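To start, the structure under review is shown below, and the notes come after it.
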Amino acid sequence: MQNTLLSIESSCDETAVSIIKVKKNAEGQIISLNILAHEVESQMESHAPFGGVVPEVAARDHLAKIYEIANKALQVSRLKKSDLSAIAVTMGPGLIGALMVGVLFARGLAMALNIPLISVNHVDAHLAPALLLKQFSPKDDLRAWHDVDTITYPALALTVSGGHCHLSLLNSPTDRTILGKSLDDACGEAFDKVAKLLGMSYPGGPLIEELAKQAEKSGNINEFTFPNKPANKENRYNFSYSGIKTSVMETIRKETGIKKGKITGKDLSKEKKQGIAYAFQNAALSQLLNRVENALQDYPEIKSVLVAGGVAQNKKFRALFSKLNKPTYFAPPSLCSDNATMIALQAALSENAEGFIQHPFAKYH
């Protein structure tokens with residue numbers, strides 16, 4: 001059984017369209033896949049002046065770009081619309097205006113072609129690349145068939161991004177139970193906010209990582225420390241980053257002498273910025289590792305660990321999690337941040353031996 005899926009992602013500040021071919025056995029299990037197109041258009045420049053994503057700007061940007069990007073994906077894939085078996089689209093969570101652009105475009109396309117429309121949960125989809133692919137480079141791996149990874153279950157899955165932190169127990173690719181999630185700020189959001197406090201642009205995650213790397217090279221790693229919300233009996237798997245963020249803010253106030261009002265770390269020395277970035281990154285990543293270790297301790301039957309989401313691109317993060325005493329599968333770096341390929345992969349996982357739903361109307365899974 002072979003299907004060709006076109007997928008759309010518009011939940012936040014990337015407009016993305018991908019096209020994949022999927023081969024399945026008689027039981028509906030994916031045996032190999034081929035990514036024919038992987039188009040991602042970032043809105044980074046549009047949002048950078050505001051220091052974060054502006055929902056209205058995001059929705060208008062998606063509306064201006066989505067038709068052109070979908071056509072480009074078809075051209076790159078060398079397919080016609082009539083070759084498509086189904087359309088997949090992010091239905092949430094995300095910015096409502098941004099989501100509406102993708103959903104309405106996808107629904108119109110599915111209805112015009114009279115093919116199924118598969119709704120996809122954005123957070124679930126982040127895990128799909130870790131479940132299925134060891135590596136993927138948009139530059140080198142388009143139109144190449146990939147055998148899928150074989151994951152041993154039950155598995156522990158960590159999805160960590162700008163908007164979400166989820167720790168889940170998986171008994172199969174589509175059978176998951178959430179153990180813990182963000183109580184306030186998500187980890188990636190905290191990276192962006194700390195970068196803004198230090199006077200840096202959006203997105204802040206890569207900038208914090210680079211400053212922390214420079215601090216490590218120069219040995220500037222002991223001047224600052226930031227507290228972590230400790231796990232307790234009722235809170236062994238949940239995440240909280242508001243306290244770390246507030247501690248960074250107060251440290252910058254102290255270092256700059258700004259006691260009231262809006263603060264900025266622009267005037268901090270390079271060494272101070274590096275030291276703060278290192279201490280923050282260490283505290284943020286240590287909390288992720290702590291919650292995963294708690295789950296591995298409480299669920300000894302876990303056979304493997306899956307890691308995905310935008311923060312999973314961080315090299316320090318990957319180094320920490322590579323030391324776990326369970327086989328650990330990371331989403332390829334090119335598929336960690338928001339993209340439509342992960343939406344297509346999640347849609348393919350949701351198909352069973354009977355196929356997709358047989359009408360072009362979204363049904364939230």
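Indices start at 1 and increase along the chain as displayed.
Yeah, the Cβs are placed from backbone N, Cα and C, and that goes for glycine too.
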**Q.** Binding-site annotation, TrEMBL, substrate: partner of Thr159, Val160, Ser161, Gly162, Gly163, Asp192, Gly205, Glu209 in Asn71, Asn314, Asn325
**A.** Asn314
Q: Would you find the one among the binding-site residues Gly163, Gly205 whose Cβ has the most company, meaning other Cβ atoms within 10 Å?
A: Gly205
**Q.** Among His122, His126, the one of these binding-site residues whose Cβ has the fewest neighbouring Cβ atoms within 10 Å
**A.** His122
Q | Cα-Cα distance maximum in Å, computed over every pair in Thr159, Val160, Ser161, Gly162, Gly163, Asp192, Gly205, Glu209, Asn314 that the record assigns to substrate | A | 19
Q) What other residues of the same chain, not counting His122, His126, Asp338, have a CB atom within 8 A of the CB centroid of the Fe cation site? A) Glu9, Ser11, Thr90, Val123, Ala125, Ser161, Gly309, Asn339, Met342, Ile343
Q: Return one of helix, strand or coil for Thr159 (substrate binding site), based on DSSP.
A: strand
Q | For Asp338 (Fe cation binding site), nearby residues of its own chain (Cβ under 8 Å, 6 or more apart in sequence) | A | Glu9, Ser11, Cys12, Asp13, Glu14, Ala16, Val40, His122, Gly310
